[in-house]
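In what follows, a structure is listed as structure tokens, so that the remarks can point back to it.
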Amino acid sequence: MSRPRADSLDSLGPDDEVVPYSDDETDDELEQDEDEEEVQPTVPAAEPEAGWQVKVNDRDFCKLPEFKKKSFLCFKKSKYSGNAIKTYKYNVLTFLPLNLYEQFKRAANLYFLALLILQIIPQISTLPWYTTLVPLVLVLGITAVKDLIDDLARHRMDKEINNRKCEVLLGGRFQEAKWMDIQVGDVVRLKKNDFIPADILLLSSTEPNSLCYVETEPNNRLDKFTGTMKWRREMYPLDLDNMLLRGCKLRNTEECRGLVIFAGADTKIMRNGGKTRFKRTKIDFLMNYMVYTIFVVLVLVCAGLAIGHSFWYQEIGSLAWYLYDGKSDTASYRGFLSFWGYIIVLNTMVPISLYVSVEVIRLGQSKFINWDLQMYYAEKDTPAKARTTTLNEQLGQIEYIFSDKTGTLTQNIMAFKKCTIGGRTYGKSLSLADFSWNKYADRKFQFYDGHLISCICSKKDAEMMEFFKLLSLCHTVMVEQKDGELVYQAASPDEGALVTAARCFGFVFLSRTQDSITVSEMGTENTYEMLALLDFNSDRKRMSIILRFPDGRIRLYCKGADTVIYQRLNPSSKHKETTQHALDGFANETLRTLCLCYKDISAADYNSWAQKHKEASVAMSNREQALDSVYELIETNLMLIGATAIEDKLQDGVPETIAKLAKADIKIWVLTGDKKETAENIGYSCELLTDDMQIYYGEDVNEKLSGRMMRRRNEPDGGRNKKAKEPFFTGDGKNALIITGGWLNEILCEKKKKRRRLRLRRLGKRPRPTNPQDGQPADDWEKELRQKDFVDMACECSAVICCRVTPKQKANVVSLVKRYKNAVTLSIGDGANDVNMIKTADIGVGISGQEGMQAVMSSDYAFAQFRYLQRLLLVHGRWSYIRMCKFLRFFFYKNFAFTLVHFWYSFFNGYSAQVAYEDWFITLYNVLYSSLPVLLVGLLDQDVNDTLSLRFPKLYLPGQKGALFNYRNFFISLFHGIFTSLIIFFIPYGAFLQTMGQDGEAPSDYQSFAVVTASSLIMIVNLQISLDTSYWTFVNCFAVLGSIAIYFGVMFDIQSAGIHVLFPSAFTFTGVASNSLRQPYLWLTIILTVGISLLPVICIQFLCKTIWPTEGDKVQRHKKKYELEEEVKKKPPAFQRGGRSRRSAYAFSHSRGYADLIASGRSIRQKPRARPELRDSIQDGCAD
């Protein structure tokens, strides 16, 4: 059972059962309200709603001068947008300039453009301009093609939407027009299943009372609209209930007409699209810093060589008559020119093709995720989807997972399992109830207690009849008929399950209008007049309906959480103790509970209350608070009938997935809006919580944090000097935190006040405390320390569950862990209330489930089941991280090995910025000769297969520690490149030095030397990547051998006499390759260079895998053995029935219902005719 809580108003602690503040009120709105109430002049609403005038069927009205706004310089245009939307970035004329502008905003591309300009200056450049132009054009071209493909897709989508057809009133009759041609003030006609083209004011429909039903997804950002309609000199108030928003779909209504209020970019959906934060990986940041480091090293090296050239020219060059070039430049000026010359020569230290190669690898990795059949959910035909191509390797570095509960860990498919009626519990039998007597029973519905059917058919138990009558009447479910079947549309799966249960037990909800509900009660069809519908919200935790019975009686039916229902029961109400005992039993079985009650109301009492309700419902300010207060007046002295118990099953594989991720040292926090007991029960069911854990609740956490704060204050320096952290928990046992949203605000010192509390404080009735409470922060520094202490404490625990938290609080928890732990975080959820959390985390994952697609649309990755998360992280994430790290290490290495040969050569050419290779080799090295093998390693390499990756989660640990790519690895690649460049230069140099003979026949010239060093380099880098490849395929083998073959083929072609004749100035190495490489001595030199370069690497790899093997090396060593073994048997679930009491509550996860739609008349089908066949079938079944 939950511990007693003190009222938060007395600062003794928050109530666990209360949401800290309404989800409908965000932090920003509360702060805005505070500011507005302090400043008397009311701040006008933002455009487009403020000063927005629309005249029906008059397009010229919107073009009047008073409705124009300045667009550019002195040009003006109408402030009313057209209905055409534009999400693309380019057109035919702007693509090239805009795309180039965007690409040159990248520092690397701008750097190489500057190099290209420098190469045009003859005094500086020793390399032809095409050595930089060709790679730069290739990189820009590949990126431009990718951007063009993406933008063409946006063009196609825009064209498809803008060219949709709609009927518009033009010239006195409705004519077909395209969406793009619709304007503000037009009257449009929509038909069933049409998409709504703009934000329109509903004028009429074919349904009774001009009702209309739209299909959409809830979004708290779209719920603000106020307006006034002027009709025949009368003014009528308008609110969101009168609006049909763009993007919704017309349902259950044959035809309706509306007035376009907002079009195109002014519509709610377009204005509230928002900007998604651009996410970047840790490797991205590290890679950028390393490129900056390389640039600094490049500048320092070039400066050193320039100084060397100045000294060399002053001491040697100026004195040698044969080196005189006819110029009288000083040594300093020559050194200055040499600096820029070396910037050009050594520019390949900064890899131009790095970024485009990384994008290609990420694109391929994303495709592998999309194509993974083991993450395909056949039941709903839902494949996994990588919705971004920039975060794949980050999936291999996750340290914290923040998960929603309902619909993410659970199926969010509710089943009516048990109930207690009049003190007696049903649903504990092993016999399956037979519903064949009920023609309209749901065929999938199952209930294990046939005795309940017998009791209902006997019609002797009045409380039982009232129980199911309440379930069939007290709801906001919508109904329609499809192929002769009743189809219910419910605001939540819970409510749908309850109405379906009543239907199966003989109380069939048939139809509703704006002011009536028709049900069949055991074959007898009755219509009840609906007097008032008191809808559910997260503060009330209940809903009620007031009905006038056919015999004239007035009765209130209410259902809600036990914590609020028991407070409102009549003292004479029966079965309170037995029902409470049943509720405790249901909670132990992780069932979601709901109490049902009723109250008879006299006509006089109702009329008095109805007058107050009418006044509150038309209040122009604080309408919701006024209605809540009026609801409280009538929902008193209730008579308890019983309680329901609904099961929300865990998704398949959830406990196994959590166990696997825990072995990978990934910590899982559950952030949910559900009640504490419900969340705790699910924690045990999915094995996030175990019986050997010590659980700490909000008051325990607050006590520990306050104690540490007081001890810190008592220290001489006030605790401001950093020292070793003290653990919050001593001992070897496992710990877990379960904390509610109220306590979370208390602990983090972020308590929010409702508007009424703000008002009271300003009036002096409740002044703000001047001094902090004991253990409470005195300033921002202490507040930050307290938040950090909370994160440290939570991270010491094996499991953390935050319940009764709002979407804003979910995002705040994620932000705290990111800020104070510098950890890589992942959030996973399935509903609109998870969007904030998904966007805040480093990686957001959306579950395509029962709550729409908003979470998926805001996510970076999406799939259908929580269990696929282990494959996403432990297989695709780990592979992507390993591949990217290996690619980057080798990419830097091969560029260092290639470029630093020029550095060694400078010591023998007077630091004159001469190149050691042939010009075309420099141009094609990163494009043709060394790019494909390393690219394939980044796409295909894997140390172990997917089965072993899942079997040994410890293989995931190196990614969390960033062990495979960091500054240490970077400098290893740097020194490895330095070593390789030394070997490549000095071994051929020594060989050529020894072959200088008197006869001049030995190939000891510069051009032959350049061919030998280039050939050695190509063979070394391609064989080096072969040594680093763990997973060989035909493609890898072909790439390595093909790259070497392409090098020799191209070299012989560009050094042939034929091409020299055609382009004598561009191809100057005429016949060098054929003359040099036919001599065995030079081939032996190449082989010696390659061998000496690779032998140390082979020895080091052998010693590391033998003496200091990693976890991956150990698994690889026994890979064959592991592949033959059977999978480890699954452990039985840790949760046992009959444990300590853990209460659950349905009402806390129930979303706001359709009451507003029902009352406004937008959402109801026409009342159907009586159904004699239904009544006869039920009566016949019961008679049998």
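The backbone N, Cα and C atoms fix where each Cβ goes, glycine too.
The following features are taken from TrEMBL:
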REGION    1-45  region 'Disordered'
COMPBIAS  13-39  compositional bias 'Acidic residues'
DOMAIN    71-133  domain 'P-type ATPase N-terminal'
TRANSMEM  130-149  transmembrane segment
TRANSMEM  289-313  transmembrane segment
TRANSMEM  333-358  transmembrane segment
BINDING   D404, K405, T406, E495, F536, K559, R592, T672, G673, D674, R804, K810, N833, D834  ATP binding site
COMPBIAS  759-768  compositional bias 'Basic residues'
REGION    759-780  region 'Disordered'
DOMAIN    856-1110  domain 'P-type ATPase C-terminal'
TRANSMEM  887-908  transmembrane segment
TRANSMEM  920-940  transmembrane segment
TRANSMEM  970-994  transmembrane segment
TRANSMEM  1006-1025  transmembrane segment
TRANSMEM  1032-1051  transmembrane segment
TRANSMEM  1081-1103  transmembrane segment
REGION    1164-1184  region 'Disordered'
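For the domain 'P-type ATPase N-terminal' (71-133), the number of residues in each DSSP class (helix H, G, I; strand E, B; coil) is 27 helix, 6 strand, 30 coil. Counting Cβ pairs closer than 8 Å and at least 6 residues apart in sequence, the transmembrane segment (1032-1051) and the transmembrane segment (289-313) reach fewer than three and form no contact. Within the same chain, the transmembrane segment (1081-1103) stays apart from the transmembrane segment (130-149): fewer than three Cβ pairs sit under 8 Å, each pair at least 6 residues apart. When the binding-site residues T406, N833 are scored by other C-beta atoms within 10 Å, T406 scores highest. Site extent for ATP: the farthest pair of Cα atoms among D404, K405, T406, E495, F536, K559, R592, T672, G673, D674, R804, K810, N833, D834 sits 28 Å apart. With a cut-off of 8 Å between Cβ atoms, the residues of this chain six or more beyond the transmembrane segment (333-358) that come close are 106, 108, 111-112, 115, 118-119, 121, 123-127, 132, 135-136, 138-139, 142-143, 287, 291, 294-295, 297-299, 301-303, 305-307, 309-310, 313, 884, 887-888, 891-892, 895-896, 898-900, 902-903, 906, 911-915, 922, 925-927, 931, 934-935, 938. The average pLDDT computed over the domain 'P-type ATPase N-terminal' (71-133) stands at 81.
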